[in-house]
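Taken from TrEMBL, the feature active site, nucleophile covers A:52. Here TrEMBL flags A:110 as substrate binding site. Annotated domain 'Pseudouridine synthase I TruA alpha/beta' per TrEMBL: A:9-103, A:143-247, in sequence order.
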């Protein structure tokens, strides 16, 4: 059966996260319900990254196999016609059968937006930012560099997660101006993310910006491998899964990781 | 009593417009309710531009007089603490007593955003755009220039409006890329706008983009001064009141227009 890769965008505000959960409205649940209608039967999709309740996406990826007979459907148009307002499919591609939304992902980019004005937030931007005024940007810039590279990020993983290998490689961690004069976007690219890793790193970065930690405290916080010693998690609304990079060939040559070791995502 | 100028931003989605209306949730109603709490009595504010239901703002302006005794209030912080999520005050300034949010306004800038992708709209952008794919941009660029200058815009005024002098001067009408690759923003600056004038002009521009009108039909449409002959109104959600320019001196030297002739705004 041909395999389709779907790229999804959504606002996480009204979702109880991405993964299907009984009695909760989830991205996976909404997308699977639409696909089930189109394919006349239950469908289970696999997501590249598990995003928590409230987290947004511009470039989430899922894949599914569809019967050859359904390939004449104008997929993108048809799915979008049935999806609710807060999730859409921006791209549909036919991919080789060895493509897997989770196993073939080589790196992901998350963006976290901080709103710097204390007294107001533009209503247009409120669902997408975390308000945190008066941060020391110079200290934060120094702190960011300590996260780059291959590290054991256990201190930045949600407690109780059953992942054994907590080492990940952060390729880039940089900031850019946001959509308005009051926003700064922190982007982080890594080969994988532990559960709530981005939000925990941002929580730590903000602690540095507020003078509660020094940039040079970061290496020790990483080395201690203890979540309870790191600053609190940043709220989900500032986070957006922007892009996922894939390498199907890497996957098809046998480098597929142990399934138990897969990221929970952020 | 000192006079305060408040700059407001709001998303129009959940408002039945700006002006106070019995039984409806309006921007004016929400702001007046907050001010009444702060000043311990009923407050009536005057708005620079009347925006319709669904229209957004980044730079709406109102003014009000407050007792000297209330001047120690941290106004911006206090108002924002009481306002609902979809409206905020971005700036509070003390202005001379001759400043008037409507009478002192010399020009306004509105932005209208068109979404060019037919099959989806990013959920993040849905409340702020009008989807209209396959437009002929070259024809639209030519058409835009016909609106610039001093014209009688009666053909672009909502029917049944009691404005006698329907001449306005469009200083600029230009387009810029939007926040995403699928958006184009059309900005228009004029000394004043008739009711629904921007949305009617955009409706006309889109008719040109769809090949239903030629750019060279615009001068005749303007000259005919008949709303029923012009294309339909564009939806409110794509429209945003971005900025209002003021000249208090012009107002205080006696050039205040007849109140009956004031713009209804868009």
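A Cβ is built for glycine as well, from the same backbone N, Cα and C atoms used for every other residue.
TrEMBL: automatically predicted annotations, no manual curation.
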Rounded to the nearest Å - Cα separation of the residue listed as 'active site, nucleophile' and the residue listed as 'substrate binding site': 13
Integer mean pLDDT for the domain 'Pseudouridine synthase I TruA alpha/beta' (A:143-247): 95
Residue among the recorded positions A:52, A:110 whose Cβ has the most other Cβ atoms within 10 Å: A:110
Helix, strand and coil counts within the domain 'Pseudouridine synthase I TruA alpha/beta' (A:143-247) (DSSP): 37 helix, 31 strand, 37 coil
